[in-house]
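Trainee: Let me begin by handing over the structure; questions about it come next.
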Amino acid sequence: MSAQLQVRLPRARLVVAPALLAIVLSVAAGLAITALLLVVTGYHPTTALMSLLAGAFGGKQETAETVARAVPLALTALGTAVAYRARLWSVGQEGQLVIGALFTYATAQWLGGRFGPLAWGLPLIAGAVGGALWGVLPAWWKARRGVSEIISTVLLNYVAVYVLMYVIAHICAKTQSTYLQSDPVPVGAWLPTLVTDTPLNIGVFAALIATAIVGVVLAFSAFGFELRAFGSNPQASRFKGIHSGRMILAVFAISGALCGLCGGVQLLGTHQRLSLAVVSGAGYAGVIVAMLARLNPCGVLLAALLFGALDTGSTVMQLEAGVPSSLARAMQALMLICFLVSELVVRRFYVNRERHD
């Protein structure tokens with residue numbers, strides 16, 4: 001079994017070309033099918049797609065908006081990539097994001113906007129810790145009791161949302177407000193913006209640094225090797241001295257920390273207060289982004305930017321071409337479906353070619 005494990009691990013490295021080809025084909029096929037849908041529904045595809053592109057990258061403001069919307073997707077997709085590489089199918093990214101936002105808010109209020117950069121730095125760390133703790137719960141259940149991580153993480157998402165609603169309504173509700181929201185965090189805890197009049201803030205550097213760290217750890221560290229071994233064959237990995245329970249706990253903690261960091265970045269950089277807007281769907285979208293990026297950290301950045309562009313450009317596409325913004329959501333789904341199909345086709349092509357060689 002040990003020899004079988006050693007043969008399988010290098011195979012993860014010879015899929016770079018097929019993976020890149022699958023991503024390119026999926027994006028191209030998704031755009032082509034979208035253009036066909038536009039024609040069928042009576043819209044001019046060139047005008048619609050050009051307005052979408054202009055809305056996403058037509059200027060400094062538009063580009064900043066696109067990057068800002070890509071940041072939460074990149075962070076939750078990174079968390080997803082870590083878990084899924086270990087074949088741990090967590091769907092709890094949204095709940096971990098929410099708990100991260102709660103920890104961030106509590107820490108920011110406690111610091112009161114004092115101590116300079118620590119006023120937002122420490123709350124972000126607290127958000128990552130909160131997400132990690134929330135991620136460890138289903139990990140412990142799986143490691144000790146064999147509970148399905150899919151079921152437990154989905155249920156914990158609902159628990160996290162109800163905890164958020166309770167905290168807002170009964171602990172830190174904003175006085176004299178008709179909306180379910182808290183008082184804002186101190187201004188000193190707000191993340192500094194990078195481009196005026198846009199939501200782009202220094203949270204983008206958190207996403208870039210996290211991507212670099214995750215990429216290096218997964219590719220070059222002993223932990224990355226053990227994670228790939230565990231994901232390839234959990235039973236055989238025991239012969240390498242890999243403790244499955246510890247690996248499950250570590251993977252879920254890292255994944256939860258990244259999603260919790262996302263919640264912190266969103267709270268201090270976009271919302272500045274607790275509200276139901278914290279439940280933005282970035283956790284669920286991160287799963288799609290991670291799958292489109294084929295669980296590759298560098299690919300996650302590109303896929304997140306693509307989805308951010310679709311999100312930002314859809315507004316302009318609706319105004320200039322009259323195309324409903326819901327079509328942009330359909331484009332995201334189409335690209336994922338096309339990716340799954342193209343990956344199967346490309347993988348089969350390369351496998352057949354290897355056999356003939």
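Every residue, even glycine, has its Cβ placed from backbone N, Cα and C.
For 12-40, 118-141, 153-171, 202-227, 248-268, 274-293, 300-319, 331-350, the entry in TrEMBL reads transmembrane segment.
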Trainee: Under 8 angstroms, Cβ to Cβ: which one of 118-141, 153-171, 202-227, 331-350 has the largest number of such pairs with the transmembrane segment (248-268)?
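Mentor: When the Cβ pairs under 8 Å are tallied, 118-141 comes out ahead.
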Trainee: Give residue numbers and ranges for long-range contacts of the transmembrane segment (274-293): same chain, 6 or more residues beyond its ends, CB-CB under 8 A.
Mentor: 23, 26, 72-81, 84, 91-98, 101-102, 105, 157, 161, 164-165, 167-168, 172, 179-182, 259, 262-263, 266-267, 299-300, 302-304, 306-307, 332, 335-336, 339-340
